Amino acid sequence: MVDPVDLLPGGTLDTGLLNTAVNTLVDGVNANAASMDVFFILFSGYLVFLMQTGFAMLTAGSVRTKNTKNVLLKNVLDACVGLVAYYLFGYAFAYGPSSNPFLGHSNWALSDNTQDFHVFFFQWTFAATAATIVSGSVAERTSFYAYLGYAFFLSGFVYPVVSHWVWGGGWLSDIFTVGAKDFAGDAVVHMVGGFAGLAGAVIVGPRIGRFDADGRVVPMPGHSATLCTLGTFILWFGWYGFNPGSTLGISNQSPDANYTATAARCAVTTTIAGAAAGVTTLIVIKLRDHIFDLLTILNGILAGLVAITGSCPWVEPYAALVIGIIGAFVYMGAAAALLALKIDDPLEAFPIHGATGLWGAIAVGFFAREQLLFQSGYGNDQGWQGVFYGGGGRLLAANLVMVVAIAGWTLFLIAPLFVVLNVVGQLRIPREMEIEGNDISKHGGEAYPPDAVITEEMLAQKTIDNLGMDESVRRDPSGEASAV
């Protein structure tokens, strides 16, 4: 360290020592800023990884008790199997330093010693999210081995190539000179997971008894609204890592961007869109079905969060409201369409992630503002912004190409995989196993063993026993003890 007194030896300013002191100060500030950015990215990754818990709770609550262990284990292995695939191949395909417009092809298994590990961790959590989405679409009737194969393939190749196209310098990143814009992954993450889930749901077929002989929908409610609600709130919380964390920095080291303001805007627009979609779903379902349907409203909230993911730093708050409201209608419309087509998607994963993700990606082309693109580091000096702000249709056209390309790529690769597995008899579990439930047949017993469940009758008997009363003694409505 330079002592300030030494800067003026004999009363004369020593410019050399002053420059040294200034440079030391600048280096320290830059080092602290870089550390702050790394911490921000890591912490955001922790939040995104926490979303795996949210998906697990939501999925478990949305299926019947006999398949609880099965879907929970699949969610756990999404992270484990997906990590192995992404570590070995996926990250290299997505962000390998040696690359072409189609994919990267270097840094296999993190072999490049200059690798920034915080970036790898953050990007892997996104890959895990894309893979987990599918588990809801094919729940309760899909082979465990088929699911593992799909999770490895999607995490190791399907998703990484798409992320290279948009985020890794691939061909979509500069199409039409403006490039396709998808900030936190409406198309890259949610459409990949949603369309892969749709392919799986169609090919594996509906659950036994989901549609009757006349094609009418037979309700198959999940076993725990509590778990569904818990899972939704955990997912909502994790979204604050998913969207604001996609700024990939917080320190404002770049002279052309304001990452602090960008992250804050992402948090606000994300909240507005999710809440707006929830309220919209509440109103529509009440008017249509004359009930306040908790589970549908929870899915509506998730649809709003998905809808804003692609545009969260580039839109005004009022636009986030509109995007969330439209997202709710897209979700409800897609859910109704699947049932009309006799497609069984137990968690409505395609309506929430696939259809609403598509809408969110397109919304960028309507609502993105030029000054906000600059602020987030995505500036374009040619003035291309959303159609509603006079930016022309180039950004919208770029994003339309993106959604078509990503949907086509996902279906082109995933659908044949499911078809082959189905042909060789490895996609769907046997009928008797499906009726009995995966937990008993595959996982060593029920998630809720009979001797671990306390019914109301058992609780009442326990209360009587604790009070030392005879079974013939009950309390009348007035609360007085009386003999029966």
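From the backbone N, Cα and C atoms, a Cβ is placed for every residue, glycine too.
Where the annotation comes from TrEMBL, it is an automatic prediction and has not been curated.
Per TrEMBL, the features are:
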| type | residues | note |
| --- | --- | --- |
| TRANSMEM | 38-63 | transmembrane segment |
| DOMAIN | 40-448 | domain 'Ammonium transporter AmtB-like' |
| TRANSMEM | 75-97 | transmembrane segment |
| TRANSMEM | 117-138 | transmembrane segment |
| TRANSMEM | 145-167 | transmembrane segment |
| TRANSMEM | 187-204 | transmembrane segment |
| TRANSMEM | 225-242 | transmembrane segment |
| TRANSMEM | 262-285 | transmembrane segment |
| TRANSMEM | 292-311 | transmembrane segment |
| TRANSMEM | 317-341 | transmembrane segment |
| TRANSMEM | 350-368 | transmembrane segment |
| TRANSMEM | 396-424 | transmembrane segment |
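Long-range Cβ contacts of the transmembrane segment (262-285) within its own chain (Cβ-Cβ under 8 Å, at least 6 residues beyond either end) map to 40, 183-184, 236, 239-240, 243-247, 250, 291-293, 296-305, 307-309, 311-313, 315, 317, 319-321, 323-325, 327-329, 331-332, 372, 375-377. As a quick check, the transmembrane segment (187-204) and the transmembrane segment (75-97) miss the bar of 3 or more Cβ pairs under 8 A, pairs 6 or more apart, so the two do not touch.
Note: the stretches the transmembrane segment (38-63) and the transmembrane segment (225-242) are in contact (3+ CB pairs below 8 A, sequence gap of 6 or more).
Beyond the ends of the transmembrane segment (350-368), by six or more residues, the same chain brings 133, 137, 181-183, 186-187, 189-191, 193-195, 197-198, 201, 299, 302-303, 306-311, 314-316, 319, 322-323, 326-327, 330-335, 338, 385-389, 391, 393, 395-400, 402-403, 407 to within a C-beta distance below 8 angstroms of the stretch.
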